[in-house]
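One structure is given here, and the rest of the page talks about it.
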Amino acid sequence: MKLIHTVLLFLCFHLNLCVSSTSDPSQEDPVDSKCLLKKYTHLSCTKVFCQPWQKCIDGTCTCKLPYQCPKNGTSVCSTNGKSYLTYCHQKSFECLRPGAKFLNQGTCTAEGKFNVSLSYGNTDSEGIVEVKLVDQKEKMFICKRSWSMTEANVACVDLGFQQGALSTQGRFYPPTDLHINTTECLHVQCRGLETSLAECTFTKKRTKIYQGLAGVVCYTQDTASPTDRSFQCVNGKSIAWEKACNGVNDCGDQSDELCCKGCRDQSFLCKSGVCIPSQYKCNGEVDCLTGEDEVGCEGARLPETQGLSRSTQEEKEIEELLTPDMDVVSISPDPHRGLLLDLNFVRPSKAHHYGIWTGLVNRVKYNTASAIEKVQKIIVHENYNGSTYQNDIALIEMKKKANQKECHISNSIPACVPWSPYLFQPNNRCIVSGWGREKDNQKVFSLKWGEVKLIGNCSKFYSNRYYEEEMQCAGTEDGSIDACKGDSGGPLVCMDANNVTYVWGIVSWGENCGKPEFPGVYTKVANYFDWISYHVGRSLISQYNV
Ligand code: 4AZ
């Protein structure tokens, strides 16, 4: 067992993304029911990216202030007649004060009114969908083949039905004497979290053959008919159990797609347990937290071709894009830098007594690339518990050299702060390194490293001493690769699908060294993202969700 407790950490820099897996169309129920208890929604930023007008605070997407939006972009007009600098600005205002919604891109014009209505249904909450676009005189119908739950949810929310749509299956019959031009209709494509159908992309289609028209039944308490096999959405809506984990946001708050062990209907399973539509794979935008939907995409489909992929020859006669795509910030992986420091004993008040060796390989024969840095400040976690080893983490701030703007360490290996506990999973392989003792207690002079696997369910080895949220076990089946006395505070580094490395763990404790059934226990750094952000400043360690 270990003696002195430890700590580590780094200062500079950025966080980010990772890894891959494919959907699992097996017969088994793909829903992870334990995860459902956490009530994840589209606002849970340990599972999904926030919208560009939101930032992630304590695991929840919260509204940004408009001035925090990037300034470059096209101006947009809102339903209150006000013009905003960009779409992000308008959405940020709307997020803070729901009411006025997006109307159109560009300036506000006098004629401009966007309107959605339902006709030929038996109640106000159902019918065939009619839309009047800002720059069109007449109302138009929407083509059935472009219409899915994604768009139906947006239409219902736009009409004031907060829980979105019940179904797109309703059959509605216009009076027979009414002449409807069914060879012309609007093709619409939404992302699913828009608050107005006006935010979606419309294309006009004219065809020779009869087009089915889009209809919807919006969700109300009267239309709801939950059964034993219903899936209970976080927003109170119930949907058929089979619709959970199919890549479609049937709930409207995405809660049916965030707790998945596999995905139905060929939808794509992100490592974080989220199902996304198959069209989101290789579309040039990172949708999985861990970026695996954009890995191995050479020669794959380009985003521009997507919306038209269902077009048939007949439909192609006339296609006119009526609403341009919004300039939503697209996310793509970036290189990040980071730095790890190893400390074995920490007394915050004695910061100036410490030096940090960087680039060191052999601790008795200093290599030329190694250097020593002064310490400015040491922050030990305020809830560090020396008997249970909970919150075994600390930060070391390095002293800036004169005229130095950024912290820069030569010969260092960059590693990022993981911002979500879902970035890596049991069985992922990671690297632990350090100068700790050998199994037989022999001293080590040259830095050693080894590959270990992340281990889930570690309470079976350390029953009431293991705290799932705060700790991470790692090792090998035979125990041969393990951290040992003196390794504490050292890094457990994992690499994602985009070759971005993360400090996933900090060597903390473990019974024995190198014995099977006694894996090494590491501090789960992702659990301390908010604590680290609080101390170093969010912008310093975040790339996304800020
Ligand atoms: C230590 O005392 C220590 N085998 C670190 C890890 C392990 C044991 C002891 C796990 O630094």
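Heads up, the Cβ atoms here are built off N, Cα and C, so glycines get one too.
Curation plays no part in TrEMBL annotations; they are all automatic predictions.
Note that the structure is predicted; figures quoted are calculated from it, not measured.
Features of the protein shown, as given by TrEMBL:
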DISULFID  CYS190-CYS200  disulfide bond
DISULFID  CYS233-CYS251  disulfide bond
DISULFID  CYS245-CYS260  disulfide bond
DISULFID  CYS263-CYS275  disulfide bond
DISULFID  CYS270-CYS288  disulfide bond
DISULFID  CYS282-CYS297  disulfide bond
DOMAIN    62-110  domain 'Kazal-like'
DOMAIN    116-219  domain 'SRCR'
DOMAIN    349-537  domain 'Peptidase S1'
SIGNAL    1-20  signal peptide
Rounded to an integer, what is the Cα-Cα distance in Å between CYS270 (disulfide bond) and CYS263 (disulfide bond)?
9
CYS233, CYS245, CYS251, CYS282, CYS297 screened against CYS263 (disulfide bond), Cα within 10 Å - retained disulfide-bonded residues:
CYS245
Starting from each candidate's C-beta and looking 10 angstroms out, tell me which of the disulfide-bonded residues CYS200, CYS282, CYS288 has the most other C-beta atoms.
CYS288
When the domain 'SRCR' (116-219) is classified with DSSP, how many of its residues are helical, how many are strand and how many are coil?
16 helix, 35 strand, 53 coil
Is it possible to get the count of other C-beta atoms within 10 angstroms of the C-beta of CYS260 (disulfide bond)?
25
Local backbone state of CYS275 (disulfide bond), from DSSP in three classes:
strand
Measuring CA to CA, name the entry from the disulfide-bonded residues CYS200, CYS233, CYS245, CYS282 that ends up nearest CYS275 (disulfide bond).
CYS245
Same-chain residues six or more away whose CB lies under 8 A from the CB of CYS251 (disulfide bond)?
GLY164, PHE231, CYS233, VAL234, ASN235, LYS237, ILE239, GLU257
Under a criterion of Cβ-Cβ distance under 8 Å and sequence separation of at least 6, what residues of the same chain contact CYS245 (disulfide bond)?
PRO30, VAL31, ASP256, GLU257, CYS259, CYS260, LYS261, GLY262, CYS263, ARG264, SER267, CYS275
Fill in the CA-CA distance, CYS282 (disulfide bond) to CYS200 (disulfide bond), as an integer in Å.
21
C-alpha spacing of CYS297 (disulfide bond) relative to CYS200 (disulfide bond), in angstrom:
26
